Amino acid sequence: MLTKITFFERFEPGILSGAKTITLRDEAESHVFAGQILPVSTFEADRWFCDIEVIDIVPVLFSALTEQHAAQENMTLPELRRVIQEIYPGLEQLFQIRFCLVQ
């Protein structure tokens, strides 16, 4: 089970503003549960910047990603597809973790 979660620094403003409300992860990073509070750090420097609460987690296929997923990720669908392919090249099975910022 995850006890913390990391994001690339470029996603920090979207998380803190509430514009980014989901993250797409592979199975290794899918072991969370609704109601879980996770400290959030930057991937690059492991710098804590907030806590999030997991709302839910659902499986989603890369080929089934929509504009709604992209909006929840605070980017366009082409951007989302590119980013996912950079992080998880060739991976079809993803897990959507929906979260909210803990104030």
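Note that the numbers count up from 1, one per residue, in the order the chain is shown.
Note: Cβ is positioned from N, Cα and C throughout, glycine not excepted.
Over in Swiss-Prot, the protein carries these features:
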DOMAIN    6-92  domain 'ASCH'
ACT_SITE  Lys20  active site, proton acceptor
ACT_SITE  Thr23  active site, nucleophile
ACT_SITE  Glu73  active site, proton donor
Rounded mean pLDDT for the residues that make up the domain 'ASCH' (6-92): 98
Other C-beta atoms that fall within 10 angstroms of the C-beta of Glu73 (active site, proton donor): 23
Secondary structure content, the domain 'ASCH' (6-92) (per DSSP, counts of residues): 32 helix, 26 strand, 29 coil
